[in-house]
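Worksheet: one structure, shown below.
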Amino acid sequence: MRNMGYVCRNYVHVLDMIFVLLFLVFVIFLNLNMALFEQMLNKYWIALLVVVLWGVGCIDASAGDADPRYRVCVRQCEETGCVGERCFPHCKFSSDGVSVNGPWYMQEPLYLRWKQWDCQSDCRYNCMVDREKEREALGYPPVKYHGKWPFKRVYGIQEPVSVVFSALNLAMHFHGWLSFFILLYYKLPLKQDKKTYYEFSGLWHIYGLLAMNSWFWSAVFHSRDVDLTERLDYSSAVALLGYSLILGILRSFNIRDEAARVMVSAPLLAFVTTHILYLNNYKFDYGWNMIVCVAMGVVQLVIWAVFAGVTRHPSRWKLWVVVVGGALAMLLEIYDFPPYKDLVDAHALWHATTIPLTYLWWSFIRDDAEFRTSHLLKKAK
């Protein structure tokens, strides 16, 4: 589903935007504090290196489905309903294109029906498996098909390891959000009206829900890549990135006034909403979506890095670990490699690295709630 070849062709435009953005940030710091600028510049080279090297990993993502033998196999399968001796009942069509034995989803085993495997999916998968066996026998390395590495299905799940790691990320966010909730309302003192002293509690609750929603659809998408699951996965990720950017700005600049929060949030919310509507109702533009997501991600990286560099927050080291660790984890996306044992690829490992980072991230959020609450109580006395 993912047209990564088109994405990579738009990479130069992304670099231009990112470099201009980073340059403006550095110039601002240079004008404000030369010494601080020099100290923090030494820390930013990692993020810059990650962005630059991403371009090196941009290669043709669909070499497999361009293979003439693969194309012939798929075409013959869709006409005959068979790949070798393996035949699929839902590939039997009448002259008017209707399945002979009824809808394909009624012919699948019960545990496979919800996966929406149809004639085209089974043909592509089995042709891919056979073609990869031929290539392996000739000593050729694996190639991607339709933008994805050849994975082995496990109980009908398309990318089982990525599904597991996505589910673990979901569980980690749930654990982090729940522990944050318990800390706020059962461990820290509350105001007389039972509200928290921490001014950003409501914002973090929304963040937790959006994060869990995003990882849920990530797990669904990796289990079955169809148009609907792809759109839900992309839309959820964009919503989470956009909201995370808003939250990063509000917390880093300690914006507590409601009017000021609305002034900061409204334009970004409008942009993110418009972008999601554009993707789902006008054109699912992979290149433009990549530009938007990378830009929002880099801006967040810079904002939190700046905050960690200038604040005296007692847990700022956790923030640094998350920022630098997240940047280093992107190397797994850059140096993409075929799945080991047809199960574990670089993207799956990238999902794995975010699990401990998520735990540390929510630990920082809890520490921040304690720090701000303690500060406000001291001021009240």
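Even glycines carry a Cβ here, placed using N, Cα and C.
Small disclaimer: the values here were computed from a predicted structure and weren't measured.
For 12-32 (among others), the entry in TrEMBL reads transmembrane segment.
The feature transmembrane segment is assigned by TrEMBL to 44-63 (among others).
The feature transmembrane segment is assigned by TrEMBL to 163-186 (among others).
Taken from TrEMBL, the feature transmembrane segment applies to 198-220 (among others).
The transmembrane segment annotation in TrEMBL covers 232-250 (among others). Long-range contacts of the transmembrane segment (232-250) within the same chain, counting only residues at least 6 positions beyond its ends with a Cβ under 8 Å from a Cβ of the stretch, are 200, 203-204, 206-207, 210-211, 213-214, 216-218, 220-221, 261, 264-265, 268-269, 271-272, 275-276, 279-280, 284, 289, 292-293, 296-297, 299-300, 303-304.
The feature transmembrane segment is assigned by TrEMBL to 262-280 (among others).
The transmembrane segment feature in TrEMBL is assigned to 286-310 (among others).
Residues or ranges marked as transmembrane segment by TrEMBL: 317-335 (among others).
The annotation transmembrane segment is assigned in TrEMBL to 347-365 (among others).
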Region pair the transmembrane segment (347-365) / the transmembrane segment (163-186), three or more CB pairs under 8 Å: yes
